[in-house]
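Quick notes on the structure that follows.
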Amino acid sequence: MVRSTAAMAAGLMMLSHQSIAQDTDSSSSNAIVVDGTTFSLNGASMSYVFHANTTTGDLVTDHYGGSISGGIPSPREPAVNGWVGMPGRIRREFPDQGRGDFRIPAVRIRQTAGYTVSDLQYQSHEVIEGKPGLPGLPATFGESGDVSTLVVHLYDNYSSVAADLSYSVFPEFDAVVRSVNVTNQGEGNITVEALASLSVDFPLEELDLISLRGDWAREANRERRRVEYGVQGFGSNTGYSSHLHNPFLALVHPSTTESQGKAWGFNLIYTGSFSAQVKKGSQGPGETLTSPEAVSIYSNTGIGGMSRKFHRLYRKHLIKSKFATSDRPPLLNSWEGVYFDFNRSTIKTLAEQSAALGISLFVMDDGWFGDKYPRNSDNAGLGDWTANPAKFPNGLEPVVEDITNITVNNTSSDKNLRFGIWVEPEMVNPNSSLYRSHPDWALHAGPYPRTERRNQLVLNLALTEVQDFIIDFMTNLLNSADISYIKWDNNRGMHEQPSPSNNHLYMLGLYRVFDTLTTRFPDVLWEGCASGGGRFDPGVLQYFPQIWTSDNTDGVDRVGIQFGTSLAYPPSAMGAHLSAVPNHQTGRTVPLEFRAHVAMMGGSFGLELDPGTIQDEPAVPELIALAEKVNPLVLNGDLYRLRLPEDSQWPAALFVAEDGSQAVLFYFQLAPNVNHAAPWVRLQGLEPEARYAVDGEGTYSGATLMNLGLQYTFATEYGSKVVFLERQ
Ligand code: DGJ
């Protein structure tokens with residue numbers, strides 16, 4: 001037999017001593033049907049079925065895919081048996097190590113005596129309406145009616161180690177969310193060397209692996225390859241989820257496309273280092289370690305259907321911010337316009353020019369702080385979060401007052417400009433007062449030199465005093481002036497760490513800081529950033545409704561980066577800005593409209609240039625107004641990637657309102673198209689019988705728009721269109 005196994009894990013952890021597992025059964029719902037020790041997890045079009053083998057205590061997977069019902073045919077043994085034996089042929093929910101199972105183990109425990117064998121057997125289970133929280137970790141949430149949870153308790157009689165597998169089912173999204181905790185109930189210390197949040201074993205069939213790969217300024221490239229024999233995997237050991245590989249993967253049939261076929265998507269709700277592995281098999285005392293959650297989504301409507309389910313789930317059951325689906329103000333960010341070169345008077349001018357264009361949030365990026373070690377370049381100041389007196393002699397408050405007294409043009413008369421500010425709280429420059437007084441707060445491993453990148457070091461958020469320092473200075477900053485928005489940046493990977501488990505403890509510390517601050521300041525719009533998309537992950541999204549998608553602001557590159565990011569993450573979560581040309585990263589010149597249209601596909605639209613350079617461009621206020629008009633659809637709508645930039649020079653995307661009443665089409669031409677026909681773009685997600693008024697076109701049926709489509713031509717390369725559709 002040949003099969004594929006996928007596993008996602010966050011890293012290694014040490015554990016010691018005892019606790020106990022519950023052994024209760026409770027009521028179930030349609031989402032979770034329990035028949036003896038057979039468990040069916042059901043979504044609108046998905047079934048995930050497994051059972052406990054009452055002889056071996058093993059948890060065996062029966063099915064994960066489209067809906068099934070009634071009895072299940074027995075799997076057959078191969079006609080000719082080889083020497084590998086049984087364990088490799090059984091689809092196991094939680095494969096262990098050391099008892100003849102040769103697939104990737106989902107758990108590896110170094111027992112007190114040093115060996116790495118474990119035998120976790122089914123003990124009991126319980127069904128919970130709703131979903132318990134995950135202590136210290138970000139997690140999906142929902143009420144009874146939205147989600148039901150099955151907890152299966154396992155126990156190893158030889159080592160007194162218990163494990164609970166938790167499966168939460170969100171039926172509306174065909175989503176199963178899993179986490180695992182391991183509890184040491186014995187006397188001695190154990191080490192959990194590997195623990196997968198999720199491990200799925202598929203039966204014999206050809207599968208493709210889709211993942212997101214990249215680097216700084218070129219994030220989220222979709223990669224698709226055949227699952228081959230042996231282990232294929234990726235991950236991050238940067239300490240963060242990273243630009244390099246996103247903690248997302250999908251398994252699809254080779255015939256699956258954007259709009260057809262089966263797809264299984266997996267995403268780890270975690271911001272630290274991680275590992276994702278896929279393998280095609282030859283045969284086919286008192287302490288608990290809780291894994292992060294992994295979300296798995298089943299789709300029978302292609303890769304696009306998978307993405308839409310992720311998006312809806314995340315908008316409703318992951319992102320906690322009140323701004324998850326509400327309008328986001330068009331903003332101007334100062335970074336690419338002026339970098340570190342500003343003071344009170346220049347900031348005021350930039351803000352006035354922004355407001356004159358119709359911008360409603362002005363964001364002062366890097367460079368505003370540092371007293372003894374002023375932040376005039378990236379070699380000083382991180383850690384010293386007081387306004388730079390040379391730039392702001394009277395502190396921050398009067399600057400914020402200057403800005404929030406400015407009236408925004410072309411809007412209701414009483415609307416004033418709002419103010420936002422940049423911080424990078426997890427970092428310190430050695431050139432700072434903070435580092436002089438607390439050198440021990442930076443990550444370090446004994447006598448080894450501390451490796452600097454961008455002239456900075458990482459504060460060790462595993463330390464409570466570091467967490468408290470950040471919570472305190474951020475609280476003071478936010479209380480000191482009328483600040484509506486925070487951009488929380490993080491510009492390097494981790495360096496020398498004091499212990500193997502420090503990365504996870506850092507993450508728990510980071511989540512404590514995020515949780516405290518976002519709970520304390522719920523009216524602030526928080527944006528995550530890590531040199532662009534270095535931490536575009538569901539862990540950050542739990543607290544921050546938007547993330548700066550990439551430091552690459554080139555309009556053409558951004559089409560690919562944003563389409564790629566949307567594989568798992570909702571467009572509502574993407575920060576996207578219109579910047580100057582020639583572009584600062586690529587040197588390319590792309591028309592204003594194209595750049596603006598691309599940026600409008602992100603939930604947080606903004607400008608990132610010197611607004612003085614575009615004061616006389618009449619198109620700019622109109623484009624900002626258009627961005628505001630499309631924003632509710634981008635924030636709440638279902639995204640259909642109609643054509644991909646990697647497949648076509650006419651990429652297109654359609655956002656359809658959840659109630660179907662409106663839609664907006666984004667259409668691009670990436671290269672010149674001389675004396676050659678242009679393709680029609682077929683829309684998706686409309687009602688065939690309904691009629692739609694199409695901007696500048698006429699009124700057509702949904703069937704016509706989906707089966708014939710629309711056609712646009714452009715005289716030059718980099719053409720673009722934003723087209724509204726209104727159901728009649
Ligand atoms: C990296 C971010 O991604 C940029 O947008 C900008 O904020 C710089 N850091 C500032 O140092």
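The backbone N, Cα and C atoms fix where each Cβ goes, and this holds for glycine too.
Keep in mind that this is a model prediction, so the values were computed, not measured.
Take the substrate site that TrEMBL assigns to TRP216, ASP365, ASP366, LYS487, TRP488, ASP489, ASN490, ASN491, CYS529, ASP551: the candidate from ARG328, ARG450, ARG454, ARG588 listed for it is ARG454. Its own atom aside, the Cβ of ASP551 (substrate binding site) has 21 Cβ atoms within 10 angstroms in the protein chains shown.
Selection of the binding-site residues TRP216, ASP489, ASN491, ASP551 by a Cβ distance under 6 Å from ligand 1 yields, in sequence order, ASP489, ASN491, ASP551. Here substrate is bound by TRP216, ASP365, ASP366, ARG454, LYS487, TRP488, ASP489, ASN490, ASN491, CYS529, ASP551 per the record. The longest Cα to Cα distance in that group is 19 Å. In the domain 'Glycosyl hydrolase family 36 C-terminal' (650-725), the DSSP tally of helix, strand and coil residues is 6 helix, 32 strand, 38 coil. For the domain 'Glycosyl hydrolase family 36 C-terminal' (650-725), the model's pLDDT averages out at 97. Using a 10 Å radius centred on the Cβ of ASN491 (substrate binding site) and all shown protein chains, the other Cβ atoms total 21. Remark: of the binding-site residues ASP366, ASP489, the most isolated position is ASP366 (fewest other Cβ atoms within 10 Å of its Cβ).
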